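Enquirer: Below: one structure in structure tokens.
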Amino acid sequence: MTLLKDINSPADLRHLSRAQLKPLADELRAFVLDSVSKTGGHLSSNLGTVELTIALHYVFNTPDDRLVWDVGHQTYPHKILTGRRDQMHSLRQFNGISGFPKRDESEFDTFGTAHSSTSISAALGMAVAAKIKGENRHSVAIIGDGSMTAGMAFEALNNAGVMEDVNLLVILNDNDMSISPPVGALNRYLARLMSGKFYAAARNVGKSVLPPPMLEIAKRLEEHAKGMIMPATLFEEFGFNYIGPIDGHDLEALIPTLQNLKELKGPQFLHVVTKKGQGYKLAEADPVLYHGPGKFNPAEGIKPATAPKLTYTKVFGDWLCDMAEQDKRLVGITPAMREGSGMVEFEQQYPSRYYDVGIAEQHSVTFAAGLACEGLKPVVAIYSTFLQRAYDQLIHDVALQNLDVTFALDRAGLVGADGATHAGNYDLAYLRCIPNMVIMAASDENECRQMLTTGFQYNGPAAIRYPRGAGIGAEVKKELTTIPLGTGEVKRQGKRIAIFAFGSMVAPALQAAEKLNATVANMRFIKPLDVALVKQLAESHDILVSVEEGAKMGGAGSAIAEALAELGINKSVLILGLPDQFIDHGEAGQLLALCGLDGVGISNSIQGHYHLAEATTVVEPRLVSNSN
Ligand SMILES: Cc1ncc(C[n+]2csc(CCOP(=O)(O)OP(=O)(O)O)c2C)c(N)n1
Ligand SMILES: CC(=O)[C@@H](O)[C@H](O)COP(=O)(O)O
Ligand SMILES: [Mg+2]
């Protein structure tokens, strides 16, 4: 590492000669591969943005000029060039740097991203702010072809396209990939644009050498010529000056083009073509596998786990195929998360009933509603955090019409390395208040399968939540059996203390109960709640506790408290759950313990709250802020 070691800010980068940038790119790419292979994280998208990142920081006066990275999973080169090279070993670890841009991590991280398709809106906001404040700065959004499929991106293009007097550049990083291969009409359109590559190449030769005044004249001539030889691109129809497609790995194309675009007024749109996994043959060959790998040896590549643990995702994927076999009305829907949601086998076995709608969560929910109107039984597989983007569709299009849609909510609760942006902490709270919803939380892998069947058979909107990763090792029975609606079960009979446990918290509650000789109920349903069971235990125990892997405010514990009030039982309930703060990245188990949601923590919280054991040194759950 001869050049990269001396780059501690983009200012250092801008002192390099143009000739040094290519060797720097080689060093940067090698560093990204080496670092991610040691920590795990997002790889193929980062390998694809090495040259683009160098060119952007070389041409634009960052951080005064604003870069907004869409999703932000491709910002490791950006982080390395902006002073965080020596912190990359801590990537996505507790108190380490985030895997996404974070405003409180660096002034170069101008906007926190991770949920896709927000960059154009944010960059436009910054551009309009600069205009209002009379500041002469550039705002640049860098958005991938997958992220471009979300409606929000087009809402922003529509708004920006009529603002001739703002300094906005949108860069489409087109690598012809989402996490999976891309879907939809936009991808086909972009492919057609790329097939016109010869045109762009010729056009950009002119732009790269002409001085600005001449450039304007050339541009007007070009517009005239273009209108004669080819129709305006979609982006020009939206009011942008479209340039491209150009090679996103060619610094000699990128830098002069960006320099020229800097001089132009009004909304600009640069279409760059990159390769996901660029420079690492294994990732180039399989950008899906190398999208978000764990630790691996680059010389050997990712090795399949010898004895993979059964994950809830796999339980869902197997159930989906089995249920589809039994019920021809089942349709499986994913908003661009085929692998993450466990639907690869389902697509192979039932291609005509598999729909990847792209990064379009809002559309996925209302698309499902339309299917349900016609008597089909759609299953929307969606991460808890990503369902947040389709909240109105859930209420207005599904629940209000009481339509038969099943929501399989993976990544419910803390997710670990992806941190606060991806935490599925809020689904119990945001779903519980919606009429007609049935909500279940699985306590183990077998119950997950039963709950999916229960929700699917239920003729109305039903959500089944389950955590990221492996379960507790329960045997999964093949039968597609259901659970009686709205019923919980007593898992352990103790005395004096009753713990109402939900989903992933049943196991740690049982651990705590051993020490306290407490009763533990696996409530199973957050809605409809088993009020009879709440009444039975409240009347026979002095101390009541609820525990959930979800936001305490408005979650399952609130349901218990509301039930006690409605029953006229004048007893309080200690509500244990996730605190009213955002919880950053780290190892999920460690974070749960810090929130007091492991066996010891639950036991300590109960003893401390009710002053049950003077001798026990009660450790109050404390989540130190792990933001940098
Ligand atoms: C709203 C939302 N839905 C889904 C995801 C999951 N996700 C992360 S990256 C990605 C693919 C993005 O594709 P693209 O923008 O082309 O970036 P690339 O990975 O190709 O660099 C998806 C679906 C997300 N981050 N946000
Ligand atoms: C960047 C992004 O949003 C996805 O890649 C996400 O990180 C996947 O999460 P899982 O690793 O839990 O599938
Ligand atoms: Mg892409």
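One-based numbering along the chain as shown.
Each residue, glycine too, has its Cβ placed from N, Cα and C.
Where the annotation comes from TrEMBL, it is an automatic prediction and has not been curated.
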Enquirer: Return the residue out of Glu345, Glu347, Glu361, Glu374 that TrEMBL annotates for the same thiamine diphosphate site as His73, Ala114, His115, Ser116, Gly146, Ser147, Asn175, Tyr280.
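Expert: That thiamine diphosphate site, as TrEMBL gives it, pairs His73, Ala114, His115, Ser116, Gly146, Ser147, Asn175, Tyr280 with Glu361.
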Enquirer: Could you tell me the C-alpha distance between His73 (thiamine diphosphate binding site) and Asp145 (Mg(2+) binding site) in angstrom, no decimals?
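Expert: Cα to Cα, His73 (thiamine diphosphate binding site) and Asp145 (Mg(2+) binding site) are separated by 14 Å.
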Enquirer: Which binding-site residues out of Asp145, Gly146, Asn175, Glu361 lie by ligand 2, going by a Cβ under 6 Å?
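Expert: Those binding-site residues that pass the cut-off are none, since no Cβ is under 6 Å from ligand 2.
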Enquirer: Can you tell me how far the Cα of Glu361 (thiamine diphosphate binding site) sits from the Cα of Asp145 (Mg(2+) binding site), in Å?
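Expert: Checking the Cα atoms of Glu361 (thiamine diphosphate binding site) and Asp145 (Mg(2+) binding site) gives a distance of 16 Å.
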Enquirer: Ligand 3 is in the model; which of the binding-site residues His73, His115, Glu361 have a C-beta less than 6 angstroms from one of its atoms?
Expert: none
Enquirer: Can you check which residue among the binding-site residues His73, His115 has the largest number of Cβ atoms within 10 Å of its own?
Expert: His73
Enquirer: Mean pLDDT over the domain 'Transketolase-like pyrimidine-binding' (310-474): what is the value?
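Expert: 98, rounded to a whole number.
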